[in-house]
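What follows is one structure encoded as structure tokens, with my remarks underneath.
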Amino acid sequence: MEAVIQTRGLLSLPTKPIGVRSQLQPSHGLKQRLFAAKPRNLHGLSLSFNGHKKFQTFEPTLHGISISHKERSTEFICKAEAAAAGDGAVFGEGDSAAVVASPKIFGVEVATLKKIIPLGLMFFCILFNYTILRDTKDVLVVTAKGSSAEIIPFLKTWVNLPMAIGFMLLYTKLSNVLSKKALFYTVIVPFIIYFGAFGFVMYPLSNYIHPEALADKLLTTLGPRFMGPIAILRIWSFCLFYVMAELWGSVVVSVLFWGFANQITTVDEAKKFYPLFGLGANVALIFSGRTVKYFSNLRKNLGPGVDGWAVSLKAMMSIVVGMGLAICLLYWWVNRYVPLPTRSKNKKEKPKMGTMESLKFLVSSPYIRDLATLVVAYGISINLVEVTWKSKLKAQFPSPNEYSAFMGDFSTCTGVATFTMMLLSQYVFNKYGWGVAAKITPTVLLLTGVAFFSLILFGGPFAPLVAKLGMTPLLAAVYVGALQNIFSKSAKYSLFDPCKEMAYIPLDEDTKVKGKAAIDVVCNPLGKSGGALIQQFMILSFGSLANSTPYLGMILLVIVTAWLAAAKSLEGQFNSLRSEEELEKEMERASSVKIPVVSQDESGNGSLGESPSSSPEKSAPTNL
């Protein structure tokens with residue numbers, strides 16, 4: 001009689017135990033027996049040795065299977081060997097040999113560190129560049145001749161959003177025809193080339209390539225209320241830099257880096273290390289903030305007739321190009337030396353879809369819709385507060401040097417605050433789980449946003465108190481708005497971004513790739529552009545940004561409420577997908593090992609590899 005049991009060990013009763021021990025070492029795994037140059041003389045894990053039981057809990061009568069006294073007295077050796085299905089592990093290297101554990105450093109396996117350290121360095125380089133680009137783009141477009149802060153809402157709505165949609169469509173097409181490696185290099189290399197060309201070619205030639213005369217004629221014809229749209233034409237190369245800097249944040253950070261991180265990490269590793277990725281990233285914020293501050297002071301100390309922006313841009317763009325090349329090198333190293341984790345093979349393979357089919361599929365998915373709600377809600381909420389704050393900042397620091405220096409300090413403070421939040425985030429994930437972590441960011445943004453709007457609305461009564469602190473109401477609003485942005489962005493980097501990226505991991509590859517492209521490249525600018533559209537509508541309706549402040553506060557409350565509802569819905573779907581994935585993996589591990597239970601021969605010992613056709617004289621089954 002022969003049966004098959006779904007288990008992880010091979011239970012065999014050798015016919016000739018003494019002879020078999022010299023030929024077949026059960027303690028050796030299949031891999032060792034096939035490939036080892038010299039078989040090691042290791043004893044297997046024996047349940048009995050020369051008739052004496054090693055494990056007192058082992059009983060000869062199990063679940064109705066009767067074994068005679070003669071059979072019990074027969075001397076035999078029963079050894080259990082791990083089949084090592086799937087993972088290649090060897091169970092039981094004998095009494096004197098312990099199971100070899102993976103080497104660890106500070107309690108973390110070396111194989112895991114080979115992923116985490118390069119990913120942390122990549123995140124450092126990416127956010128170092130992003131901080132420099134983010135601080136520089138505002139100064140370029142706001143302080144340029146013939147431009148002002150009014151250009152920003154128009155840029156986000158009518159330039160940045162169409163560019164983001166166009167990139168998403170192109171990225172979706174490329175993802176169907178290129179490998180992951182080729183797609184990564186195809187996307188990031190044009191960014192590196194452009195930023196180098198801007199610092200060394202486009203900016204020095206800006207006086208020749210900007211249509212100043214045409215812009216002046218249009219401004220005279222259309223009137224000053226169209227100064228924002230006309231400024232886009234007037235300083236088109238600066239606006240292109242602004243858009244490319246915005247796309248660096250949404251494309252390189254969200255799509256390329258997090259997509260790569262999701263590809264090579266498991267959910268358990270993500271829960272433990274995703275919040276810590278930001279530690280290196282926020283050290284980058286601190287250093288890049290100091291870099292911007294240094295070049296701001298350098299421009300201030302240059303002699304007359306020297307274009308400070310030209311000098312500083314060449315230096316900063318050189319740093320950006322160097323960091324970009326370092327990102328490519330780290331990506332190559334990880335792909336070369338770090339193995340990919342095994343994923344569940346039972347997931348449905350999605351067919352290749354066109355652009356419209358992809359969009360329809362993503363819109364029809366409640367999971368993707370909730371993710372999109374999170375991203376759009378954050379973009380609108382932070383934009384409603386941030387643009388108002390930047391208008392106050394422009395009024396307080398009209399000089400480019402002062403504006404840039406303040407932004408450098410702001411980035412440094414953001415890095416310090418986020419670094420602290422990163423240290424606390426792992427505790428939040430371990431103690432309270434994904435759902436609570438996802439709800440902290442909207443709560444922080446709501447509370448700090450209310451404080452900022454309240455100071456603007458009721459700044460008059462607070463003027464005497466603010467004067468005692470040596471500040472004007474305008475400067476106080478600038479500082480409170482800065483604190484609001486610092487707390488909101490630190491919560492975003494330490495909790496919101498890891499939560500969002502962890503939500504992609506249980507998805508199948510097709511939904512993961514195209515969903516990230518649609519959400520991160522389109523929904524992120526859509527949130528910013530949506531906030532800009534709301535502000536433009538309010539300004540046109542109520543005459544000024546100050547008059548529309550109470551209504552902006554009410555809109556902020558509604559959006560954050562929808563954000564919290566989407567986070568709650570996504571929490572349930574995420575936990576359900578995780579449970580399904582774990583169940584599939586367990587089933588794969590169980591089904592990959594089939595263990596034959598062999599019969600006994602006349603000597604009372606089992607025979608290994610007996611076929612069903614064996615004669616009954618040679619095989620006497622036990623009594624059931």
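Here the Cβ of each residue, glycine as well, is placed from N, Cα and C on the backbone.
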Annotated as N-acetylalanine in Swiss-Prot, from the list A80, A372, A377, is A80
The transmembrane segment (446-466): which same-chain residues, six or more beyond its ends, come within Cβ distance under 8 Å? 381, 384-385, 388-389, 392, 472-473, 476-477, 480-481, 483-484, 487-488, 546, 549-550, 552-553, 556-557, 560
Would the transmembrane segment (315-335) count as touching the transmembrane segment (182-202), i.e. at least 3 C-beta pairs under 8 angstroms with sequence separation of 6+? yes
At an 8 Å Cβ cut-off, counting only pairs 6 or more apart in sequence, do the transmembrane segment (315-335) and the transmembrane segment (545-565) clear the bar of 3 or more pairs? no
Are there residues at least six beyond either end of the transmembrane segment (108-128) with Cβ under 8 Å to its Cβ atoms? List them, or say none. 102, 252-253, 257, 260-261, 264-265, 269, 273, 276-285, 287-288, 319, 323-324, 326-327, 330-331, 333-334, 337-339
